[in-house]
């Protein structure tokens, strides 16, 4: 067991919803404060697709996510060190979270073989064999200089059952200890543990019991959002938040749909990330409080309203739906404008959620959000109805 460390993260709970498990917190990191609940946009190779660091800053983003697997391959840790870490490389003066590279074990499974030592990859760039160990993952993340680093965990698809899930859970605990020992900057870089256990409540409980014994500054709920039934998903989320310490951040990995964000805040989660808002923008889909608009469709060719008249993002302040629709015929700028809007939508949604918690009206916020998103009670997803019921919100 590692000795207690001096962490670079100071966490405060500012308000808790008296009905649900929702909470508004603030934690201070080396590159400034982060107010939660928070959505973190994802930049795979040190940049948001179609958005500059300045634009992200202007949207009020306090923390974004970089991918260790891709950045470790190209441009690589040596170049990162010379650039002054990932902050210097992408000219980003705010906070960064880097993942461990473990998720690619699922998404690039044909490239990988898992042993106790680590994950054997064939590089998609040059075909070379690479062994990503817990130590190597932390070495790369130390070179990147991220404010929050994730442990390397043994990731299996959330739809898999049986002995492989138990093996992955126990291995993730052992790998956490190796990651803690390998972190050369604990006073500047915060290492988060990742709770595994698949959809097996007993395994997840065991993992929670073991990992919460470790002196780490925060915890992530991993191994979900991979195609499992939503009914299983929310039950594993609530089981996890029930057993995680109150005084540390709780990060639900890979969640980005608006309804999922609101429900999982009610279940006690603080931090979220997902490629969804940027990926869906590339297909012409703009996020709005009542769902999404497919701006490529010809119905928008003569629609001179902004995407959302209540949105204060640069896209909605300057351009019409018709203009963006026209851009799709000849220009990639359409995707850029929608990406800006979609990131702003996610950040604004989480600010509204937070304000409602601070003002003691979160349950009413949830009622209003669901009514706007789905127009009628019979369209509410049953999993969301059931999940909210368990934390004291009966949807009207």
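The first residue you see is number 1, and the count goes up from there.
Every residue, even glycine, has its Cβ placed from backbone N, Cα and C.
DSSP gives residue 99 (active site, proton acceptor) a coil state; it is part of no helix or strand. If you take the C-beta of residue 99 (active site, proton acceptor) and look for same-chain residues 6 or more apart in sequence within under 8 angstroms, you find 65, 66, 67, 68, 69, 150. The active site, proton acceptor annotation in Swiss-Prot covers 99 and is backed by sequence analysis.
Sequence annotations record features per position, and here Swiss-Prot assigns active site, nucleophile to 273 based on sequence analysis. For residue 273 (active site, nucleophile), other Cβ atoms within 10 Å of its Cβ number 22.
What Swiss-Prot lists as queuine binding site is 99, 100, 101, 102, 103, 153, 196, 223. Reduced to three states, the DSSP call for residue 223 (queuine binding site) is coil. All protein chains considered, the CB of residue 223 (queuine binding site) has 32 other CB atoms within 10 Å.
In sequence order, 59, 340, 341, 344, 345 are the residues of the chain that are 6 or more apart from residue 313 (Zn(2+) binding site) and have a CB within less than 8 Å of its CB. Here Swiss-Prot flags 311, 313, 316, 341 as Zn(2+) binding site.
The average pLDDT computed over the region 'RNA binding' (254-260) stands at 97. Summarising the annotation, Swiss-Prot assigns region 'RNA binding' to 254-260 (among others).
Residues or ranges marked as region 'RNA binding' by Swiss-Prot on the basis of sequence analysis: 278-282 (among others). Below 8 angstroms of C-beta separation, residues 41-42, 48-51, 292, 335, 338-339, 341-343 of the same chain, each at least six residues beyond the ends of the region 'RNA binding' (278-282), sit close to that stretch.
Of all the binding-site residues listed here (311, 316), the one with the fewest other CB atoms within 10 A of its own CB is 311. With respect to residue 223 (queuine binding site), the closest of these recorded positions in Cα terms is 273, chosen from 273, 311, 316. DSSP places the residues of the region 'RNA binding' (278-282) in helix, strand and coil in these numbers: 4 helix, 0 strand, 1 coil. With residue 153 (queuine binding site) as the anchor, the candidate recorded positions are 273, 311, 316, and the one with the nearest CA is 273.
Comparing C-alpha positions, residue 311 (Zn(2+) binding site) sits nearest to 273 among the recorded positions 100, 101, 196, 273.
Apart from 311, 313, 316, 341, the residues listed for Zn(2+), the same chain places the Cβ atoms of 306, 307, 308, 312, 314, 315, 317, 340, 344, 345 within 8 Å of the centroid of those Cβ atoms. Secondary structure counts, DSSP: the region 'RNA binding' (254-260) has 3 helix, 0 strand, 4 coil.
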